[in-house]
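As written in TrEMBL, here are the features:
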- 6-27: transmembrane segment (TRANSMEM)
- 34-56: transmembrane segment (TRANSMEM)
- 62-82: transmembrane segment (TRANSMEM)
- 94-117: transmembrane segment (TRANSMEM)
- 150-170: transmembrane segment (TRANSMEM)
- 206-231: transmembrane segment (TRANSMEM)
Amino acid sequence: MLSQLTNNPLFGLILSIGMFLVAKLIAKKLKHPVFNPLIVAMILVIIFLKVTHISYEHYYQGGQILNMLIAPATVALAIPLYKSFHLLQHHARSIMVGIMVGTFFSTFLTGILAIVFRLDHSLTASLMPKSVTTAIAIDIADKMKGVPTVTLIVVIVTGIIGAIISPTILKICRIEEPVAKGIAIGSSAHAIGTTKAMELGEVEGAMSGLAIGVTGLVTVFVAPLMMRFIMHLFG
């Protein structure tokens, strides 16, 4: 009976969605960035598979259905961009310059640290899109021959750290402008950081949400170029 259930592609799909809903309830209850629904859901799925001795292959029959939805989810990021287009028009120069400079230094420093710690190509490629929202980051890592699973974990950890330390960093740097705050948080800590930005104010939240999409678009072009530059420079 159990084997018939696990052989059904819907098993992995229902398990993934169910665990994510449970994880969201836990995150809502505890209200701390560490308890990110994605991480909690992953841990719950792993525990469930280990306890029930169900193989990953059986689970992934349904899990891959969700994996296929990454591309549509990426396209859907155009919606918040469209909604915040008036803000993009009004602050176009500062937003684009800030995000492009931030993306350049983020990918460059990631590449340099990868060289210092002698990481191979696949791990370096996996780390490059760490400040981009999950859907785009996984696709970038995959195209650069990275490991999407590693990218997923790094992206979530980056978001959690960003959400925790961003208010302190902004205070130390004496950044008071709401637009600058939102762009700084969204371009470095993506969706997880945006939750924190919304707590700071409406403008901060809107600009952070806008920065997620713009940073993703910029990183799609910058990350592969920076990867080639780093490999050429130190390879």
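Numbers here mean position along the shown chain, with the first residue as 1.
Note that Cβ sites are derived from N, Cα and C of the backbone, with glycine treated the same way.
Whatever TrEMBL says is automated annotation, not expert-curated.
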Contacting positions for the transmembrane segment (206-231) when only residues 6+ beyond its ends and CB under 8 Å are counted: 74, 77-78, 80-81, 84, 87-88, 91, 95-96, 99-100, 102-104, 107-108, 111-112, 114-115, 121, 124-125, 128-129, 131-133, 136, 140, 143-144, 178-179, 181-183, 185-187, 190-191, 193-194, 197-198
Surrounding residues of the transmembrane segment (6-27) on its own chain - C-beta under 8 Å, 6+ positions past either end: 35-41, 44-45, 48, 54, 58-66
Close approaches to the transmembrane segment (34-56) from elsewhere in its chain (Cβ under 8 angstroms; 6 or more beyond its ends): 2, 6, 15-16, 19-20, 22-24, 26-27, 134, 152, 156, 159-160, 164, 192
